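Asks: Before anything else, here's the structure in question.
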Amino acid sequence: MELINSSWFQPPTLLLTGIPGLEAVQIWISIPLCVMYLTALLGNCIILFAIKTTSSLHEPQYIFLSMLAATDVGLSLSTLPTVLRVFLLNRREIEFHSCLTQMFFIHTFSSMESAILLAMAFDRFVAIRNPLHYTVVLTSPRILGVGIAAVVRGVVLMAPLPILLKRLSFCKDVVLSHCYCYHPDVMKLACGPVRVNIIYGLSLVLCSFGVDSVFIVISYILILKTVLSIASEDGRLKALNTCVSHIFTVCIFYVPLIVLALIHRFGMFTSPLLHVSMANLFLFLTPVLNPLVYSLKTKQIRSVLRKVFKGRGNLLK
């Protein structure tokens, strides 16, 4: 108690927050949340299974998709324990070091997802701009190297975040704005100087998400330029159709991320409900929608899924 009554301390626990003003119905909100988690985990695992067991899907495009699915599984598992505990059991406490660990994994998987989305944009660029050299450019060693680079970049860039937070002293307010631990949110509770944290956090955003998004935009500008040079309208539509799923995935990942970053920067001008809603959309929407979008849009994956479920149905008869 003496530690907590002090003006400066490192809290043993922090308090997570559900949805402001809807505390009385949180148990009902947990039902769609459980459905979303089940959809995200089951959908992404099915995609991983389909790609692994189908030799015709062992192509660069689908290998990158399997990386995206694996990242979405990791991102979902990173938030699942605290989110369901807050909404199902109304248990808001999280141990300080557990909070830092969760924060590290959330930011690492987010960085990895951004890098993989960039790799997928490059994949579409090569496939449309220079299809004859597609398999020559995107060889298995290079694809493996991209995956390793995404993991290493995420770990190296995000590892200092918990270290920088651990050195700070915190005020008596230990209530977070979300149902999971997020770096800007934890940092706001600190009483000491956070200039280093702010500068490093901004550098992370620019060096990972910022750089990735710029190169994704450049890739699609070059793709559009190539598509417009195709003589036939059917050819142009076919080329653009191969990019629709990826464009949708990029939008549902980056738009909530950008809005959330702006909210944390100018949070005083936004309502808590908007704050929480965008934070939840950022982490929940992408893992849920990615498998649905690619399953519905990609003919090869739909064909594999039909065979899988048809085979399971025959076994049950």
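The backbone N, Cα and C atoms fix where each Cβ goes, and this holds for glycine too.
From TrEMBL, here are the annotated features:
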TRANSMEM  27-50  transmembrane segment
DOMAIN    43-294  domain 'G-protein coupled receptors family 1 profile'
TRANSMEM  62-84  transmembrane segment
TRANSMEM  104-122  transmembrane segment
TRANSMEM  143-165  transmembrane segment
TRANSMEM  198-223  transmembrane segment
TRANSMEM  244-267  transmembrane segment
TRANSMEM  273-296  transmembrane segment
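For each feature listed, report its degree of burial, its nearest neighbours and the pertinent distances within the displayed model.
Replies: With a threshold of 8 Å between CB atoms, the same-chain residues lying at least 6 positions outside the transmembrane segment (27-50) that come near it are 18-19, 57, 65-66, 69-70, 72-73, 76-77, 80, 83-84, 87-88, 90, 284, 287-288, 290-292, 294-295, 301, 304-305, 308.
Through the fold, the transmembrane segment (104-122) approaches residues 61, 64-65, 67-68, 71-72, 74-75, 78-79, 146-147, 149-151, 153-155, 157-159, 161-162, 180-183, 204, 208-209, 212-213, 215-216, 219-220, 246, 249-250, 253, 257, 283, 286 of its own chain, all at least 6 residues removed from its boundaries and within a Cβ separation under 8 Å.
For the transmembrane segment (143-165), same-chain residues at least 6 beyond its ends with a Cβ under 8 Å from one of its own Cβ atoms are 60, 63-64, 67, 100-101, 103-104, 107-112, 115-116, 119, 183, 186-187, 190, 196-197, 200-201, 204, 207-208.
Cβ atoms under 8 Å from those of the transmembrane segment (198-223) belong to residues 107, 110-111, 114-115, 117-118, 121-122, 124-125, 128-129, 153-154, 157-158, 160-161, 164, 183-184, 187, 239, 243, 247, 250, 254, 257, 261 of the same chain, restricted to positions at least 6 beyond its ends.
Long-range contacts of the transmembrane segment (273-296) within the same chain, counting only residues at least 6 positions beyond its ends with a Cβ under 8 Å from a Cβ of the stretch, are 17-21, 33, 36, 39-40, 43-44, 46-47, 65, 68-69, 72-73, 75-76, 79, 106, 113, 177-180, 182, 245, 248-249, 252-253, 256-257, 259-260, 263, 267, 302, 305.
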